[in-house]
Each structure stands twice: as structure tokens, then as C-alpha cells.
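Colleague: I'd like to ask you about the structure that follows.
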Amino acid sequence: MITSSLPLTDLHRHLDGNIRTQTILELGQKFGVKLPANTLQTLTPYVQIVEAEPSLVAFLSKLDWGVAVLGDLDACRRVAYENVEDALNARIDYAELRFSPYYMAMKHSLPVTGVVEAVVDGVRAGVRDFGIQANLIGIMSRTFGTDACQQELDAILSQKNHIVAVDLAGDELGQPGDRFIQHFKQVRDAGLHVTVHAGEAAGPESMWQAIRDLGATRIGHGVKAIHDPKLMDYLAQHRIGIESCLTSNLQTSTVDSLATHPLKRFLEHGILACINTDDPAVEGIELPYEYEVAAPQAGLSQEQIRQAQLNGLELAFLSDSEKKALLAKAALRG
């Protein structure tokens, strides 16, 4: 269960993987995009996981209809704004919303820098209107190669004062981290944090690479760390965060069952692991479900769930004073 007197964070939440089905329908109609179905009920199976997918790439294909309807920058702004409202409705106090501007721009050849500006505008408006805290993480989608990632990074860095970190996501097997060393040097030189999707489709070596070569202080998913005792020790000793996404890992067939998910063992090992959603609209879940259903099914005790919630605050890309303010606000709820 969620401890209401502590801040609730979601640090691994894809803005472009959380586009409402109703919004997809409306934008599809507006921009003349031929969708596979034209009602909420019939479109849902195309944009939401119905049963576990055989691979990460198959899972990611469910996101494609959401970005296919982003016909102009106002559509990107709308989706960003709605993401903040969705976080509020999920009882989240602080969200880090990540997005790939190249992926969002691709279908309708939007200017990548314009997409970043629109998302920044939408999230800032949402924070103003809905009263929760949110920050942005820019994603380089390695699926599209190193040149596209440089274009993406240039766009992200053009708004670096409104972005807290840069991530590397996408095809972990086909585009290993060693191709992006120079990209992340630019990220660190710009003073931004680094989080990397690793140890999801590829093995522990991908996580070592993210930490040593790319400068990651947090790892997205990281489930394969369980196969490397030295890595487990390193993560605990150096306080490298693991952004765990229980239902997502089940739906991508990264784990066979929640009962075999390594999150419980990460926490027992003293690793700073926290609970997150990933792509809530695609998964058909929200953060309370992860705490109240998925985490107990993964074998976590109530104390471990509470620890994971605390870890989320510790790992947040926030200043100490911002974290203290969130703690004080949550404490008033009792």
C-alpha cells in the first residue's frame, strides 16, 4: 500500500507512452490519420496491452498510434498538459515525465526543437493548473541511430534550463551504449543528470556500460543486475538507483512473472530501487496499482513497499530543499 504521509513519486514515466485513447481518437480525426478503429472500445486493443508481448520491441509498437496523431505542436502541448493531469489523478506528488522529441516529431515531420518547446510549455501549464510538481527528462531514442540521437540531444539541450536529465531508451540490443559515449559527455558538460534504460533487453554488461561510460546515476528497469553479484554490490555501495517498473517488465516478457521479479531482492540487498509505471496508458495501469497489486504480487512486504516509496524521493532529480518541502507537504496528510 501507499504510505500517504510520504511523498509519492513516479520517476520513470513516459509522456509519449501515456497518451489517452480518447485523445488519440480526437487528434486522429483532426489530422485525418486513419486509425485501426474509431471507437474507444475498439481502439483500445491497438494502443493498450491486452496480454504479455513477446519482446520489448513488440511492446513498444503499441506506443506508435499515440505519436502517429501528433499532427502539430499544439497536439504535443496538449498531450504534455494531459500527462500532468493524469499524474494528479494517480495521486502522484512528484513526477519525472520523459519523452523522445524525435519519436514525437517523426510521423508528421515536426521540428524536433519545436516539440521540446511544446512539451515544456504543456508541462509548465499543467504544473500551474494542477498543483503537482513535475520535471522533464529528455530521451535519446537509440532505435533511430546515433545521428538522430544527436539531433534529438541538440533539441533537448536548447531547453536545458527546463529539463533535469537525459535518458537513452529504445533498442538496447541493436544499439548498445558504447555508440553514445560522446552524446553523454555533452549531457554531463551541460550539467544535466543521466539515467539510462539498461539491463532490460540486454544483460548486466549493458548496465556496467551505462554507469561507467555514460555516467548514469540511475538505471531504468535494470532487472538483469540480479545475474551479476558484483554489479549488485556496486549498485548498493555507490547508491545507483534502479527505476523498477513491475507491470511493464511482465508485459514485455522481461520477467516471466511478478513473483520472479528481482525488485524484492534489490531492496534486500540495500539497492536504492523505487516503484514506477513506465507507460501507464499502454499498460492499462496507474501508480496506485503498482503499489497495491503488483508490488505485493512481487513478494514485497509493506515495509519494503514503504522503503521503495522513500527511495523514490531520495532518487528524484530534486534539490534537498525541494525534497524536504515534499516531505513536509505529505506529512500534513498524516
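Every residue gets a Cβ built from N, Cα and C, even glycine.
Computed from a predicted structure; not experimentally measured.
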Colleague: Please state which member of ASP279, ASP320 Swiss-Prot lists alongside HIS14, ASP16, GLY170 for binding substrate.
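Modeller: My reading of Swiss-Prot gives ASP279 as the candidate in that site.
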Colleague: How far is it from HIS12 (Zn(2+) binding site) to HIS221 (pentostatin binding site), counting Cα to Cα, in Å?
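Modeller: Their Cα atoms are separated by 9 Å.
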Colleague: Hey, what's the Cβ neighbour count for LEU15 (pentostatin binding site) at 10 Å?
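Modeller: I count 29 other Cβ atoms within 10 Å of it.
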Colleague: From the Cα of HIS221 (pentostatin binding site) across to the Cα of HIS14 (Zn(2+) binding site), what is the distance in angstrom?
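Modeller: Rounded to a whole number, the Cα-Cα distance is 13 Å.
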Colleague: Quick one: of ASP16, GLU200, ASP278, which of the binding-site residues has the smallest count of other CB atoms within 10 A?
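Modeller: Across ASP16, GLU200, ASP278, these binding-site residues, the one with fewest Cβ atoms within 10 Å is GLU200.
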